[in-house]
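Student: Feature list, courtesy of Swiss-Prot:
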type: DISULFID; residues: 3-24; note: disulfide bond
type: DISULFID; residues: 6-11; note: disulfide bond
type: DISULFID; residues: 17-42; note: disulfide bond
type: DISULFID; residues: 46-57; note: disulfide bond
type: DISULFID; residues: 58-63; note: disulfide bond
């Protein structure tokens, strides 16, 4: 599995996940409309969203754009 791993809106940097990491995720704060920063990467399970945070998970290559 390969997942994107950069904070910009338009991300083109990705890496190969380690064994056991079968999910790509993208998380961001729903309140920051301008200057939105993302956290992207690989995970074994989908991370839990904090208050006012959105977490999207998927399981195909480079799906966390």
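The backbone N, Cα and C atoms fix where each Cβ goes, glycine too.
Show me how these features fit into the structure around them.
Tutor: For the recorded site, residue 24 (disulfide bond), the DSSP three-state label reads strand.
Applying an 8 A CB threshold to same-chain residues 6+ apart, the list for residue 6 (disulfide bond) reads 12, 13, 38, 40.
Proximity of residue 42 (disulfide bond) to non-local residues of its own chain (separation of 6 or more, Cβ distance below 8 Å) is seen for 1, 3, 5, 15, 17, 18, 21, 23, 24, 25, given in sequence order.
With a 10 A radius on its CB, residue 46 (disulfide bond) counts 15 other CB atoms from all the protein chains.
Look at residue 63 (disulfide bond): DSSP puts it in coil. Around the Cβ of residue 63 (disulfide bond), a 10 Å sphere holds 17 further Cβ atoms from the protein chains shown.
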Student: Going along the chain, which residues six or more apart from residue 57 (disulfide bond) have their CB under 8 A from its CB?
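Tutor: Expected: 23, 24, 25, 43, 46, 47, 64.
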Student: Rounded to the nearest angstrom, how far is the Cα of residue 58 (disulfide bond) from the Cα of residue 11 (disulfide bond)?
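Tutor: With distance taken Cα to Cα, residue 58 (disulfide bond) is 16 Å from residue 11 (disulfide bond).
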Student: On the three-state reduction of DSSP, what should I expect for residue 17 (disulfide bond)?
Tutor: coil
Student: Cβ atoms within 10 Å, counted per site: which of 17, 24 has the most, among these disulfide-bonded residues?
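Tutor: Result of the Cβ crowding comparison: 24.
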Student: Near residue 58 (disulfide bond), which residues of its own chain have a C-beta under 8 A away, given they sit six or more steps off in sequence?
Tutor: 23, 24, 25, 64
